[in-house]
Every structure is written in C-alpha cells, then in structure tokens.
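Annotated features, as they stand in TrEMBL:
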DOMAIN    84-321  domain 'Anoctamin dimerisation'
DOMAIN    324-926  domain 'Anoctamin transmembrane'
REGION    953-977  region 'Disordered'
TRANSMEM  332-359  transmembrane segment
TRANSMEM  412-428  transmembrane segment
TRANSMEM  522-544  transmembrane segment
TRANSMEM  564-588  transmembrane segment
TRANSMEM  608-629  transmembrane segment
TRANSMEM  732-755  transmembrane segment
C-alpha cells in the first residue's frame, strides 16, 4: 500500500526496502518547507506506508523504518472517533471497504481437487489485491491521500480512508464549476414595503412552526456566489479553509475522482462502480458527521437534523430544508421540499373533501332514490344475482348499500372533481415557484447538468465491440491457457489495440447493438402487463365463485352479508397481490434497464423510472379501472347472460351502482399500500438488513458494548446503503394518482394522503439520518422526469374523473330523468324508471332459481337494472330509447367537462408566473453586482499597472500610428511591442 502525506504535524511511517532513507527525508523536509502535497515514490522505488496501528500494538518498529511525529493526545481522541486520519488533523472524506482475510493461508492440501479449488480462490483474491493496489496508486496520482486500517473491530473487513487535500479540492471545484460564496454581500429585498411587512408578520405568527436551526432563519443579506476559480481565489473568503468546503462538498468531490479514476489491470478499464460490482471493494461511502445520541455527543448537523427533523415530536413544524440540503445535497433537499409542498397543498384538498363527505352524510335522509329503495311498500322483486343458487330478492334489502352510495355519489362530487383538477394545476404552479426560489437561495441559477461519465457497463460493452472489430482487423487471438504470463501478454495486446482504435474513432453503442435488448424490453413489458390483467381476471373468477358458494350456505347471516364479504376479501387479495408484484416489477424493471446498457447514470435512472412507473401504475390501478368502467357493463340480461368458461356468469354491480365498490377497493388499496409498503417495509427492511449484517460480523460481546467501541467508519459500515430516490418518489407518485384520478368516487382520499405524509416525512427523515449510510451529495436544479409524470397524471385525471362521473355514478341518469322524463321535475319515480321487466318463464333451462318460493309467493315478473323494452313490447328485451338518450348526455358531459376543466387549468397556469417577481429581481441584481465586482477588479489591476509604470508604455504602443508590418529587415522591430 502506497501513501503520501503532508508532513507538518502528521504521523506516518516510511520504509525503504533498499535501506536508503535520505531521499525520503529530504523529500519530507521539502514538503514541510513548501507546505505542499507531493507524491511519494511508487512501489518500484521501494516505498511503503506501513500500518502504524499494528506497530503500536506489537510495540516495536520494523528495522530500516523511520517513525515521524508521534500522535498527540488531542489527535488521538479525534482519531478514535473515526472521522480523521491517525494524525488527528486530516479529515476522512470517503471510505472504501474490502474483504480482508482474518487468518493466514492454510498449507497446501493433499487432495488435488481441494488444492485446485483453494489455488483458484487464492488466484482470484490476489487478482483483487492487484487491482486494489493499482487503483489506489492511481488515486494517489490524482492527489488524494490514503490510509489503510485492517486492524478493525469487524473481522474480515479492511478500510481505506481517503482525504482530499486543499489543492485537490480547489482543482476539482473548478472542474465541477461549483458556485461558492464570495466576500461580496448584498441586501436581499423581498419586494415592496407592504409585501415585506406581510411576510414579516406571517413569519412572526408561524414562529413556533419553524425549526430551531440557523439555516432556516430569514437572511437579510446574501453572499454573492461565483463558480470557484483558482485564479480568482482572492474573491472568496478563505480565512477558514477547513470549513470553506463542507463535508458534503468534499465527499462529492472525492466521488467524482473515484468515478474518473480507472483501473486497467483487468481485461478492460474499470472504475469504482465496476470494482464494487466485481467484489474488488465491498462498499464505498462518505461518513456521517458524528453520533446522534448521547449526552456527551459533540454538536453536529446530523444530531441537529435528528432533533429538529427526524422526530415525531416535531411533526407539526416545517422542515429545515436548507439544513437538509447542506447535509445531503440539492437532489435530496429538492425531494423533501417537494414532499413538503405536496403535503401542505393536501390540507385545503382534505378540508374540501371532508366537507363534500359531510354534505353527503347530511343529505342522505333527503335523497329520494334512496328513500324509494328503502321503502318496503314498493314491494319490488329483483331477479336472481346468480344462477340456480341465488333466489329472488327484495329491492328494500339493498337499503344500506344505497344510502352508503349517496355519501360518495351526490352532486357535490362533481364540484369536488373540478376543484381537484384546479388543485392539481395550482400545486404544479406552486411547486415551480418554490423550486425557483430554492434555486436562487441555493445558488443553482444558471446551473446546467454536466455530462455524466459513461457507466462501467457501457464502457465494457463498447470495449467488447472494439475488441471484436480489432480482432477482425489484426486477428488478435485470446490465449487458451490461463497462465499469468499469457494473460499479461493478452492484456497488453488488447490495451494497445484499444488505445490505437480510440485515437482513430470513438466507438459507441448503436440502435442495432441494442435491438435485442429493445425487443426483450417490449416483450417483457407486455408480458408483465398481461400478468396483471390475468391476476385481475383471477380475482373476478374468485368473486363469482365465492358469491355462488356463499349463497348456498345454510347460515342466514352468511347469506345476508354475501356482497360485503366478497367485496372486502377480493379487495384484500388484490392488495396482497399488488404488494408482491410491486417488488417483482421493480426487480424486472431494473433488469430490463440493465439489458439496454444506458450510457450515463442519468439516462439509466430515467429509463428505470419510466419502466417502473408503467408497471407499478398498471399493477395498482388495473383492478380499480375494471371496477370503475367494465364491471356491470359486460353482463347481458336475464335469460341471456354473458358467461366465462361457459359456467361463470359475469358479476353485476349493486343496485346503488359500482361507485361504492370502487370506493371500497380504493380505500383498502390506498391505505394498505401506505401502511404496509410505505411505512412498515420502509423502516423495517433497513433495520432487518442492518441486523443481519451485524450478525454476520460474529462478534462475541454484546451489541451495545461493541457499538460504543466502533469508530465512525465502522459504525456506518453496518448502515443500509442508499438506493436512490426512485422508491421514495414512486410511492408518492402512485399516491398522487389515488388522490387525483378517482377522487370523484373517494373524496376522503386527500385526507388519508395527508395523514400518511405527515408520518412519511418523519419516517423518511429517521431513515436518512439514522438507518442509511450518508448519500453522495448530488446537485440538481429540479425534480427531473417526475415533474413530467405529475403533469401527465394531472391531465389524465381530468379525463378519468369525467368518465367516472358520467358512466360509473348515477349523476347523469338522474339528471336526464329529472329534466326529460319526470312529470313534476322531481326525482320521484327514478328507481322504477331505471328498472326493466323480465318474465321468469323466459329463463334458460338450468339457470332458474332452485328455491323460487323463497319470498313466500310465486313470482311471474322480476326487475333488473337496465334500459330495455318490457317482455310485452313488440321488440322484447331490446335496448330502449332511454338508453340512447342517457348515453348521448354522458358523452356530451365528458366532452364539456374535459374541455372546460382543462381550459380552467390552463388559465391558472397562465395567471401564475413560474418565477416569483422578487426572485426575478434578485437574480437580475446579482448579475449587475457580479459585473460591478469584476469591473472593480479590473480597475484594481490597472492601478497596479499604473503604479509599476507599465500601463503608459502599453498605451503608447496601442496608440502608435498604424503601419504595415514589414516581413523582414532591420525595421521589423519598430512597430513591435
């Protein structure tokens, strides 16, 4: 293991194999004098950095080695915390872990097979060691400082601690175009005096709701930010270099270097992602700032987040978004900011939804159709709901279902659908304004996504394609024998050929290369959606068969609750299937995305999001779409029912309509997903994995005692790796679909979403702060593809709610009856108007009820819900003219509702500007101040030139009369400055 270090105040041990120490000592002296980092000679020159901890344990110094600057007690204390190198001064910015054998290699076995297996394992382990050494050597050449620790409390795990010195941070910050605060500050104006007074008043009123963090307070002044430049370091406040680049920025800089640094010892070029995938390193992560529990814990941002954010006791407070961004980065900060805005916007939607529900409760006793259904005097006999096992039944027995349906199917739901469409448009506009404000506060204005490094898998596929072409050109043959000498020759030949080909042309994967993957994607996506349809069909068969079986029960209680039992159990089965398929579809979507071999991480993420969303959306909403738009419409009529497999009769809706069943399915699916998947799985699975990882460490002492001894990088090793924000966004997007798509049938959906999100925010906070390793701080100026998905759902929601109101609810049939067929303009007689007649003698053989006298009298005519001609008509059982009238009004309502609501949404979008006026003014002000700052700098340079007497000669040269410059001769210098 090679290393290099800043000599002033640092401790490290240098061993020269040749026994000559003078060159190293002279180098250390030079480093101390110049206070600059230089590279230690490579392994070929015979220099190693030796494990100091091991030397301290055994109590002696290896002969031929030099121990410099022993550790101080203060540095030792910091070192024990695991946040610093052993010298106690250089901070650990990143950690790599690898498998380190805890026992020496066993002597060769007599059994040839066992010996061959052990030799193969040793060969692979040695190969990993060689790759690590080359990669770490390359990291040192990039300027990073490394320190190994193999004497840890975790058996079999070694750690490589990485520190980025100042000059590396400056270089990479300039490459990454990081905006850093300059010395220039200016006053932030919030607009007119009236607006400023209103904002101040609101802030004072809501003071108890704000977290007690410095970053969340209103700042009257702001530092002018500018992309960092080493040539313009005088513009920045570098009085405290240790805090100029915070821990989040330092770790992101090191991660960029890790991605860019290559390892060529393998058959193909490898970066840190490939090294992790191939097992050369076990994990790579930045460190958390410190502990979050304990009275003696030093103050740190992580502990502050635990107290003011990741606690259920502060559920009523705003989130400390600026502190979240400071600790986790802009991408995660934007997610929690979006989640906070979404949750705040759910408050008015929940209030209106509750009012609509209460309106239904208050008017249920005045609903004439419900009263007619519940009136036993009407004595309406209904046709059997299934063949043979079911008998005739009284319409008054559906009284409870009819009254419950009115709670969700009333005129107020139409208003609520329009309100929610406008709410979705206002939510999107509000978020755009909030996002622009955060971009200004976080100095992201003008930020453009830089082109990502190609993914390791993409480079590997390009390398394979390059080698195939090169073999065809130069006839390179891969050695058949796996010997080290032949393998080295093969690698050298391959690398030489690839390097030569890279100079002539840049290879890339074309559509032709990806055609098999595209075909596989299309086939698998269609197959998975087909599986979803098949499962929904299976649940339909379950409902039909279970209903028939329960009707044959001898228990009267069972027979009276058939509908409720079948609806509830079918909804629970759907929920369980949805939860299982969600996990399966997530894995399949990732596999399909890997097959495509996207070039960059951003492209990979977008393709993965799209596939996952399509599969999970179909999984969650296919059962709901069936109930809303297909159930009860593919039934037929008595005497001519539609059958599945010639034995299962398609199911009908209850007399109150399918809206009640739709509401039950929505509520169970939504609440079940939020309670089980979003909450229990989200916090339970990381804890379970952490426990398994801890058990595998096989420590004999208790967990609590060992936890106190672990250093920071060892403690973070047991935490769950961060898997990205896609699962977090996905669950919220699906919830947004529940809130908007079928809100006409379930006005309480926003309330349940609000209650869930209040818990979700704190649950996610606890997970990020305490259960996950610290994520890489990623910069982002928006939420990316998720915004387009949200807009798409908002547009589709308008159409879906129009069809739900028109075709699923009884709103249009009631409207048509009241204004076209009612004699007095009231709803009296509506129930009788929607029921058709059937002569029981027209039943097909084998389908009539087994107990025709179940009601105590002989039935000649039964009723069923449909618009058809009576049996005494010249065209019996044909569709009546009332059906076509209702259908025409339904289609007209869909067209009018969709266009009016979308027009209103566009008006809202047009009226609300995307950028707040005060932010637009501040951005313009920043540009002016930046120009003034550089003008002053230029004037200062001119004054320096004047004082040195250089500007006059330059001006004299510039003001010289123009003349043609001679090509040659002694006069050539006369006009030359």
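Note: Cβ is positioned from N, Cα and C throughout, glycine not excepted.
Predicted automatically and left uncurated, TrEMBL annotations should be read as such.
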Key: Residues of the parent chain within Cβ reach of the transmembrane segment (522-544), under 8 Å, 6 or more residues beyond its termini   = 386, 566, 570, 573-574, 577, 581, 585, 588, 592, 611, 614-615, 618-619, 622-623, 626, 644, 648-651
Ask   = Counting Cβ pairs under 8 Å that are 6 or more apart in sequence, does the total for the transmembrane segment (332-359) and the transmembrane segment (732-755) reach three or more?
value = yes
Task = May I ask whether the transmembrane segment (412-428) has at least three C-beta pairs under 8 Å with the transmembrane segment (564-588), counting pairs 6 or more apart in sequence?
result = no
Request  = For the transmembrane segment (732-755), find every same-chain residue at least 6 residues outside the stretch whose CB is under 8 Å from a CB in it, and list them.
outcome  = 339, 342-343, 346-347, 349-350, 352-354, 356-357, 408-409, 413-414, 416-417, 420-421, 424, 613, 616-617, 620-621, 624, 628, 659, 662-663, 666-667, 669-671, 673-674, 786, 789-790, 793-794, 796-797, 800-801, 804-805, 808-809
